């Protein structure tokens, strides 16, 4: 029987079994005809029964403290029982997240990017976390909600930190390859091996950094010590998180158009860099002076070499000869397209020819653009042009790689569409049903063991809601290709961005509408450190050596220590 069939049956079976409710046997009022598991009151009990009954019977007040979720799901006050329930409900949330992930992928294959892929699917991906955060602050009185909302904050912080530490580091470990392949590569080359991502992954990291703005806003009353402004800052932060969420989704909606524009721009820069490189080799001199200004004398010499007939203008035929004379390596740009772009740039008076002044102005603009793109190359025109050419070729290759991603033809589109919708509906229903029981089980386990609920939700609950994303990212990274590694890390940064926008918006709405106290400075601190540190780090580099993974691994337990010390010893909570 397939997994897609057995899992729904398992869910139904668990729901039916959960309707069975037991009642405690009162030994004082017990009828002799009713067996309590012992042969009689005087015989020695079995050692197994002693183990089971080692805990004294609960009083009626203790029994009343165990409240069944929805009035029929099982509950218990023991630590072992709540641990078991947490595992079961956590597994059901994992199944829900898997259904949502699989359904989203199928729907995206059918519909492609656009409104559905940009607005609907990112929200579905973060739905399990958002539901758990929502139910953590809805139940009971404000005092109960204030206590249980720690579970939601633990999930939010734990999910973000786990993604940016354990998962981030694991992707480097499984996806590592030698930067400079050797005959005898070492097993753990800490600095000579690692992973490489593309520039778009860096942009995803920058978006993730921007998404932490609401966290900073909501902490302003704590930083500047004006508690009277806490409510207004909660509202401002809520509005900011919603605005960032909408902006992020709209960015994804319009991303295909942006990609095409960027592809055209990448081709343009590649054309510019190719022409400048050819010009640098042609004039036997530097196109920039020692001060970094365009060298007009050498630009005029270049113009003279292009103006073959010496009539003082460069015609279309002479321009075509120039383009044929240099190679635009690995670029899909024909001669007519290249001529059109150059004429558009240089022929300012639109007479279908290029005068000397127009040529000097055009080359000067291109040289200034090259200096702006690679400012670290100094004033050496040869180095600037070579670096600019390498950068343009890299960006062009990246854009070609992205634009070539075509949606494969799908057979039985109606069946695949139906399957996608059913998976999404089932995942949503399961997540909605079992979010509240999971929060109750974690809260009861926390009370039974005296372990703060924050740490339980920080460590355990992200495993249930983010396992599907984690497995997907690790599989992509394990293929040891730049493109697949980029997909893996983009998945991580996108998930954190949704945590910092959608999930935070749900949490802030709970705190504001239920008039709860915002007292999560230590938790916000570890989220900010992880998001900003890793985001800035990934924004300005595309190569990550293996040793960085161990730094990420160390930060995970360190973040728990930071929260514990600040809350219990520094008085932040």
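Just so it is clear, glycine is given a Cβ too, placed from its N, Cα and C backbone atoms.
Automatic, uncurated: that is what TrEMBL annotation is.
For 1-22, the entry in TrEMBL reads signal peptide. For 83-102, 114-138, 150-174, 232-254, 420-439, 451-476, 488-514, 520-539, 546-566, the entry in TrEMBL reads transmembrane segment. Marked as domain 'EF-hand' by TrEMBL: 294-329, 334-369.
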Stretch contact, the transmembrane segment (420-439) with the transmembrane segment (83-102), Cβ-Cβ under 8 Å, 3+ pairs: yes
Per the definition of 3+ C-beta pairs under 8 A with sequence separation of 6 or more, do the transmembrane segment (546-566) and the transmembrane segment (150-174) touch? yes
On average, what pLDDT score does this prediction assign to the domain 'EF-hand' (334-369)? 79
Apart from its near flanks, which chain residues at least 6 from the ends of the transmembrane segment (83-102) lie with a Cβ under 8 angstroms of it? 7, 11, 14, 74-76, 124-125, 127-128, 132, 423-424, 426-428, 430-431, 434-435, 437-438, 441-442, 444-445, 456, 460-461, 463-469, 472
